[in-house]
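Pulled from Swiss-Prot, these are the features on record:
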| type | residues | note |
| --- | --- | --- |
| BINDING | 12-18, 40-42, 305, 331-333, 413-415 | GTP binding site |
| BINDING | 13, 14, 15, 16, 38, 39, 40, 41, 129, 143, 224, 239, 303 | IMP binding site |
| BINDING | 13, 40 | Mg(2+) binding site |
| ACT_SITE | 13 | active site, proton acceptor |
| ACT_SITE | 41 | active site, proton donor |
| BINDING | 299, 300, 301, 302, 303, 304, 305 | substrate binding site |
């Protein structure tokens, strides 16, 4: 099997975790290449549900290497909590199956507090998870962040780095009349958590290079979705990292000569958590029905997801940005209840037709979707095991999506369980 990059083509929550878990059977390693514990993957194995935030989905498999790449911002306390919870549930996690990049910036409590403060300052809140992700990435870009490798430092060297970080954060806290953080206290906290993290730490770029030299198969696991990308998303309602496929090379530490298949994971309808434009949102019984049947609750935020019709304009743009080779269609069964189904094929604003998402947030907020209506099937697709099992109109719907997007559907997820997957085209597995 070739190396595979798995990305979400909407606003996250497309089902990437299940897809990566399924693919892990035929892979040697899985790399998380961006984001932090603000994203969540839900995986169901033999009716038992696992919720992952930082750990790659491969951690639930035996003899697979799980890698947290340098593009991830790492909350050491959240990571250890996640590891401890999995160990309680019988999942073996050790230095042989988990590797953490020495270059990962550290998410600290000061970042979470800053996240909350910045959200309060905004006129229009962006719906942050308050996990400290944005402020940590800001420290990284400003070259003051603490990184995992700093935990190897002697106490006096670490103190100087902490003091440099607090020069900024304590000034921020002063402006909000919040007590400053003592450098010595933060140093002690870091030295306390360090022995739990450091055994997993290696130069990930070298680990990945060695795997490629041995012709091992690597999956690069994206978090969130294309339109939460800091550059290409619906700004400012975005995350603080790049979420599209090219980020796998930067955030994983692999060079461009190692060609990869890009799988785009996409729901048969559209959802979004939090604030921001949503062009096909259904604030009616249709949206409510999608929400209830799809159990659309955020894994991390525990917030209700907004629901709407499939947006082919959004999907096509995401496919171009990531160079998607094939699609994984998820939650088709949520549409089983509808006699008619709509697909957005264009937008309209101020008399102008758009076949892409304009960058202007003002225009985005005023785009009107133009729909094409196709017949529904009113038959159960949940748990279908072959393509031929699907209702005729469900197959027509899938083919319509392929026709509009000009990319084939490789896989169809027919339920939350690991093996609830229909393979239409398996060439990427060879």
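Backbone N, Cα and C define each Cβ position, glycine as well.
Quantities reported herein were computed from a predicted structural model and do not represent experimental measurements.
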Legend entry - Cα-Cα distance linking residue 13 (IMP binding site) and residue 304 (substrate binding site), given in Å to the nearest integer: 12
Inset, instruction - May I ask which residues of the same chain, at least 6 positions away in sequence, place their Cβ under 8 angstroms from the Cβ of residue 305 (substrate binding site)? - result: 13, 271, 272, 273, 291, 294, 296, 297, 298
Legend entry - Cα proximity to residue 332 (GTP binding site), best match among binding-site residues 129, 224, 303: 224
Inset, instruction - Please tell me which one of the recorded positions listed here (41, 224, 302, 303) sits closest to residue 12 (GTP binding site), measuring Cα to Cα? - result: 224
Inset, instruction - Please tell me which one of the binding-site residues listed here (15, 18, 302, 414) sits closest to residue 38 (IMP binding site), measuring Cα to Cα? - result: 302
Inset, instruction - Quick one: pull the CA-CA distance for the residue listed as 'active site, proton donor' versus residue 18 (GTP binding site), whole Å only. - result: 7
Inset, instruction - For residue 18 (GTP binding site), list the number of other Cβ atoms lying within 10 Å of its Cβ atom. - result: 25
Legend entry - Cβ contacts of residue 15 (GTP binding site) (under 8 Å, same chain, 6 or more positions away): 265, 267, 328, 330, 331, 413
Inset, instruction - Please name which of the binding-site residues listed here, 18, 42, 302, 414, is nearest in space to residue 129 (IMP binding site), Cα against Cα. - result: 302
Legend entry - Rounded Cα-Cα span from residue 224 (IMP binding site) to residue 42 (GTP binding site), Å: 13
Inset, instruction - Mind giving me a neighbour count for residue 302 (substrate binding site)? Other Cβ atoms within 10 Å of its Cβ, every protein chain shown. - result: 10
